[in-house]
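Beneath this line is the structure, given in structure tokens, with notes to follow.
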Amino acid sequence: MSFNTFGHMFRVTTFGESHGVAIGCVVDGCPPLIALTEADIQRDLDRRRPGQSRFTTQRQEADQVKILSGVMVHPQSGLQVTTGAPIALLIENTDQRSKDYSEIKDKFRPGHADFTYEAKYGIRDYRGGGRSSARETATRVAAGAIARKVVPGITVRAALVQMGPHQIDRDNWDWEEVGNNPFFCPDKDKAKFFEDYLDGIRKNGSSIGAVIEVVADGVPAGWGAPIYAKLDTDIAAALMSINAVKGVEIGDGFATAALTGEQNADEMRAGNDGPSFLSNHAGGILGGISTGQPVVARFAVKPTSSILAPRKTVDRDGHDTDILTKGRHDPCVGIRAVSVAEAMVACVLADHLIRHRGQIGG
């Protein structure tokens, strides 16, 4: 199975399966002399960790990260710092229940990657989905914590802005509220609504989709490159690679199709520190290059495919059958995608910073 690596200069390779011994990643291209400890990475992993509320999978994983290589104690400062060598990270799996999947080992779960993995490789890991499981995203979050260290002047934040058909009231947007509710929602009132709404979905054994918005503040003008190395191209690809994501937009995205040229234009005026934009429909990127405004992206997460309702499917022999999925699953996988989105955008920005320096210096 190829294509387990993303990035150009700041490269991340992930490995491991949902029900394997461990998962992990190797980060290659991280600059040297950056202070880095396991605690720096653990903070981000704890936000994504499963089993923290009734609204996420009840699989209990501590997600304790171990740094295996790429760091050492600096002889002068006494701080643990990166050396420029590949940084290997390991997270042990401790709460697998493979027996929950024994009844479906010969059946394809609708909406999952079971059929396509089987069609391509002739084999699939039916125990929790293997590499296609959201469990893999813990390694991305770990890599993202390192990426944040590479771009310390940039703040990458994400929030859940829609669940099912219900959107937040953007007039109530409060970043401080994101950490105060189990949905990472910036609208306090809507977060309360989501509790009852998702409880109903969960008790019915079903699931629901969501929309996540990610914003990067502090990205300077000039990152990215024309045509085939666009900043928004890489952000879109990174977000699209997250499990269960089915759509990505930058800035106003698909809504711009309903606007006129006058409405969509991000007009400019002279400011004390250079040109100032009067709006940000473009999401902080024009021609594939950052404008200095906040970089904004959104993505849609489909409903979790593993639900308790019986569904029609076929088995490996091509016979019609029904399937009932057991196991522990997120009623809204979009909740835990918030921290994953931040990590992926942070990795893209770290990659583009290094590429930018390589092209123009500084």
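Cβ from N, Cα, C; glycine included.
In the three-state DSSP reading, Arg48 (NADP(+) binding site) counts as helix. The NADP(+) binding site annotation in Swiss-Prot covers Arg48, Arg54 and rests on sequence analysis.
Sequence annotations record features per position, and here Swiss-Prot assigns FMN binding site to Arg131, Ser132, Ser133, Asn243, Ala244, Gly287, Lys302, Pro303, Thr304, Ser305, Ser306, Arg328 based on sequence analysis. Using a 10 Å radius centred on the Cβ of Ala244 (FMN binding site) and all shown protein chains, the other Cβ atoms total 23. Taken residue by residue with DSSP, Ala244 (FMN binding site) is part of neither helix nor strand, so it is coil.
Annotation: Thr304 carries the greatest number of neighbouring Cβ atoms among the binding-site residues Ser133, Thr304 [cut-off 10 Å, Cβ to Cβ].
Remark: of the binding-site residues Arg48, Arg54, Arg131, Lys302, the most isolated position is Arg54 (fewest other Cβ atoms within 10 Å of its Cβ).
The Cβ neighbour count for Ser306 (FMN binding site), using a 10 Å radius over every protein chain in view, is 22.
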